[in-house]
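If you check TrEMBL, you get these features:
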DOMAIN    A:29-102  domain 'Phosphoribosyl-AMP cyclohydrolase'
BINDING   A:Asp76, A:Asp78, A:Asp80  Mg(2+) binding site
BINDING   A:Cys77, A:Cys93, A:Cys100  Zn(2+) binding site
2 protein chains.
Amino acid sequence: MFDPATLRYDAAGLIPCIAQEAATGEVLMLAWMNAESVARTLETGRVTYWSRSRAAFWVKGETSGHVQELVELRLDCDRDCLLALVRQTGPACHTGRRACFYTAVRDGDEVELLAPEA
Amino acid sequence: MFDPATLRYDAAGLIPCIAQEAATGEVLMLAWMNAESVARTLETGRVTYWSRSRAAFWVKGETSGHVQELVELRLDCDRDCLLALVRQTGPACHTGRRACFYTAVRDGDEVELLAPEA
């Protein structure tokens with residue numbers, strides 16, 4: 001049996017979770033979960049983070065419609081990081097881009113790789 | 001110009017960095033960097049983390065030979081998470097597995113997806 005309490009959380013009770021698009025392998029974003037977020041994500045199949053800025057549960061896409069349907073949740077060797085394989089509806093990033101990692105460092109400069117979607 | 005000082009670090013001066021195999025898209029691991037790790041990674045092309053347990057720079061593969069050659073460093077919209085596209089030599093995980101995320105939660109149980117390499 002998997003028990004969210006067996007994960008290793010930081011001093012704030014949080015664990016980082018990487019969201020990866022299951023179909024393409026694209027890394028979409030990283031956000032944080034507490035034990036209850038992990039449990040809710042598994043129960044509902046809707047990826048549910050803990051918003052550090054709002055100090056509240058954050059069902060991804062609840063207001064924007066840009067939901068993350070959980071395909072599979074994985075944990076790492078140290079049990080202190082999660083990887084959520086997801087089916088992302090619409091852009092994952094709050095800037096309207098498909099993924100949050102749209103800035104690359106090339107030859108010492110920042111280069112923008114993705115534009116906001118329509 | 002990209003300046004590592006413009007990233008957003010946590011209270012310990014660290015930022016999480018996701019390592020992704022450039023050729024396959026597989027998410028290999030997550031570890032931490034400080035500003036100097038970021039600078040060294042970009043200068044040397046060898047991914048260099050900050051080991052929280054040893055409180056020391058950690059040139060990935062320096063002792064094991066399982067180096068990570070940097071293909072491209074990316075940052076997210078909030079500038080508080082990094083994504084390193086890498087060419088990984090040998091297993092990325094200290095358990096000898098190709099990647100650290102080898103445990104999946106399926107039907108409430110933990111399932112091991114990868115075995116250690118020879």
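Cβ coordinates are placed from backbone N, Cα and C, and glycine is handled just like the others.
Feature map: TrEMBL annotations on the structure.
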residue: A:Asp76; record: Mg(2+) binding site; DSSP (3 states): coil
residue: A:Cys93; record: Zn(2+) binding site; DSSP (3 states): coil
residue: A:Cys100; record: Zn(2+) binding site; DSSP (3 states): coil
A:Asp76 (Mg(2+) binding site), number of other Cβ atoms within 10 Å: 24
Sparsest-packed among the binding-site residues, when each Cβ's other Cβ atoms within 10 Å are tallied, from A:Cys77, A:Cys93: A:Cys77
Cβ contacts of A:Asp78 (Mg(2+) binding site) (under 8 Å, same chain, 6 or more positions away): A:Arg8
Site with most surrounding Cβ atoms, counting all protein chains shown within 10 Å, from the binding-site residues A:Asp80, A:Cys100: A:Cys100
PLDDT averaged over every residue in the domain 'Phosphoribosyl-AMP cyclohydrolase' (A:29-102): 97
Residue pair A:Cys93 (Zn(2+) binding site), A:Asp76 (Mg(2+) binding site) - Cα distance, angstrom, rounded: 24
A:Cys100 (Zn(2+) binding site) versus A:Asp76 (Mg(2+) binding site) - Cα distance in angstrom: 22
